[in-house]
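The following features are taken from Swiss-Prot:
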CARBOHYD  ASN51  N-linked glycosylation site
CARBOHYD  ASN76  N-linked glycosylation site
CARBOHYD  ASN148  N-linked glycosylation site
CARBOHYD  ASN206  N-linked glycosylation site
CARBOHYD  ASN337  N-linked glycosylation site
CARBOHYD  ASN365  N-linked glycosylation site
CARBOHYD  ASN384  N-linked glycosylation site
CARBOHYD  ASN411  N-linked glycosylation site
CARBOHYD  ASN538  N-linked glycosylation site
CARBOHYD  ASN573  N-linked glycosylation site
CARBOHYD  ASN593  N-linked glycosylation site
CARBOHYD  ASN652  N-linked glycosylation site
REGION    174-234  region 'Interaction with gL'
SIGNAL    1-16  signal peptide
TOPO_DOM  17-671  topological domain 'Virion surface'
TRANSMEM  672-692  transmembrane segment
Amino acid sequence: MLFRLWVFVLLTPCYSWRPWTISDESHCKNGNSENPIVRPGFITFNFYTKNDTRIYQVPKCLLGSDITYHLFDAINTTESLTNYEKRVTRFYEPPMNDILRLSTVPAVKQFNLDHSIQPQIVYSLNLYPSHGIYYIRVVEVRQMQYDNVSCKLPNSLNELIFPVQVRCAKITRYAGENIYTHFFTPDFMILYIQNPAGDLTMMYGNTTDINFKAPYRKSSFIFKQTLTDDLLLIVEKDVVDEEYRFISDATFVDETLDDVDEVEALLLKFNNLGIQTLLRGDCKKPDYAGIPQMMFLYGIVHFSYSTKNTGPMPVLRVLKTHENLLSIDSFVNRCVNVSEGTIQYPKMKEFLKYEPSDYSYITKNKSIPVSTLLTYLATAYETNVTISRYKWSDIANTLQKIYEKHMFFTNLTFSDRETLFMLAEIANFIPADERMQRHMQLLIGNLCNPVEIVSWAHMLTADKAPNLENIYSPCASPVRRDVTNSFVKTVLTYASLDRYRSDMMEMLSVYRPPDMARVAAIQCLSPSEPAASLPLPNVTFVISPSYVIKGVSLTITTTIVATSIIITAIPLNSTCVSTNYKYAGQDLLVLRNISSQTCEFCQSVVMEYDDIDGPLQYIYIKNIDELKTLTDPNNNLLVPNTRTHYLLLAKNGSVFEMSEVGIDIDQVSIILVIIYVLIAIIALFGLYRLIRLC
């Protein structure tokens, strides 16, 4: 019965429409008693075209339902035959050859658990122990959050398909004049691109419930197929070659669909595409022709992530995969502005409840920064999340270990960069105690130095391709805006690597946050100011070529005329005030002696600068051991000369010049020296008396 209704609705536009009335009487006009045109309980429709007349009869009960009114609202019964014929030929019809793409067998390892294993419920998540490893069924935590109301699909589809009642998640992004909107449902994904030259709709997934209006047929829009899913392409044929050239060369689409069921392979593809986009300098360019491809792959990644590979998987692997997913979210959000909507996986939020005492469910490897990983997952949620003090303590220890490992100018590893990327995202986006925020920004920013810049340049040419996380450099820290194009050029020119400067500056522009809202003392600083900020526990130092902020300032006088260094100290809890003049001044003090006992200069920063090139690097000193290592002449870490100088920016806001005398730390305190001298004098006096007695 429903089939007959569909036939009627589909054929209505074909044969035009005539007014109709419902009658319970039988009429035999143009018929006979054995074949009546109208019968009780039925509605007769007469369609006329030239000399041809077609008659359809539909039970009246069907036309009185809500769905009938819904369907009639979706069709234009007054359209002329001329307009109807014109729009039939308007759309691009993909070639029939090479439509079928047989998905390869996923290479991802499939984990099969013994069905007799009983789950352990940990914070509402079912975990399955097997051979010392805990597993979780992916389907339990990868469910995308869909809106509670029915999704309103793109208006451009109204002409072609009947309305679809389905819940979805929706996110919209802008790139110049183009608008990119993703619709995610449990069965299919839609990428809708609004372009002044012509729109494009790409629909992928199980399209069984998508019904096209006459004269269109679904088969006319199928661009590619797998064994289970369709990729429909809806675009006017006049704009395909002009705006969407990747459609003509379907290699990109084919390669994507080859791995459509393998989430980790798709994540790898997107990482490679993202790195290429960065290295070409195309990120944030509204006219970049590759954005439609990026948006298509992005949609496929999220759709496959939320619907494929639903079986058991080790908990750590689930978390690491989600980490990778969030990193591509972060990258896309940086490249293409988000205007509306989010994509969230609410069940993943349950992992945020795990404390260090629960980490054995995730991994027994103590070297994995689990607290950092879990807190990084929290950056996906718009609402404030609460991170326990135990996690913050663990995060601080992780950062401190990385800093101590590389504070004296050693190369960061891929693993270190990945962890620093997560730590930087946490520092930039997760609310925390201000002291913690300041400390994280300080340590991450201080890992940027000339050695890191050269190492980063070499990494871009390494055989092992980086991903969107481990390509991160601490030079992208918001407190290191002094890492400018001219500074990078100076460093790379010395190393004969200046050809990579544009790539590095592009990456810095993408990964560096637009402001410093998390550190109140410097939140008023303009992002365009080439300043370095050092948020110490009790004071913040800003090093800049001009006056940029209210505080106690000091001008370095040893530099050449073309190089200006102004150091401004801002006391803790001071209101940030942007200024272009000197507010208050202080003198440069000379450091003559450093005690190794009381460590007056711990929690301070040693700054190296060049008379010509300006500030070069900063080293935060936490304890006396680090200070001894730094100033030990045998380590050659501080090598003053006629051009290179060192300043100590103290925790109380004072600035000291570290002379050659001051670089050598006294290994004993002055009091002990006095005691030793007194003992020696007494001993000599006793020896003298003894000799006299003899």
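Count begins at 1; order follows the chain as displayed.
Glycine residues also receive a Cβ, built from the backbone N, Cα and C atoms like all the rest.
Taking CA atoms as the reference points, ASN573 (N-linked glycosylation site) and ASN538 (N-linked glycosylation site) are 9 Å apart. Sequence-distant contacts of ASN384 (N-linked glycosylation site), defined as residues of its own chain at least six apart whose C-beta falls under 8 angstroms from its C-beta, comprise PRO431. Confidence across the region 'Interaction with gL' (174-234), taken as the mean pLDDT and rounded to a whole number, stands at 90. The candidate set comprises the glycosylation sites ASN148, ASN206, ASN365, ASN573. Of these, ASN206 has the most other Cβ atoms within 10 Å. With a cut-off of 8 Å between CB atoms and residues at least 6 apart in sequence, the same chain places VAL451, GLU452, SER455 near ASN411 (N-linked glycosylation site), listed in sequence order. Checked against ASN337 (N-linked glycosylation site) by C-alpha proximity, the glycosylation sites ASN148, ASN206, ASN365, ASN593, ASN652 yield ASN148 as the nearest.
The glycosylation sites shown are ASN51, ASN206, ASN538, ASN593, ASN652; of these, the one with its CA atom nearest the CA of ASN365 (N-linked glycosylation site) is ASN538. ASN573 (N-linked glycosylation site) falls within neither a helix nor a strand when secondary structure is assigned with DSSP, and so counts as coil. For ASN206 (N-linked glycosylation site), the nearest neighbour among the listed glycosylation sites (ASN51, ASN148, ASN538), judged by C-alpha distance, is ASN148.
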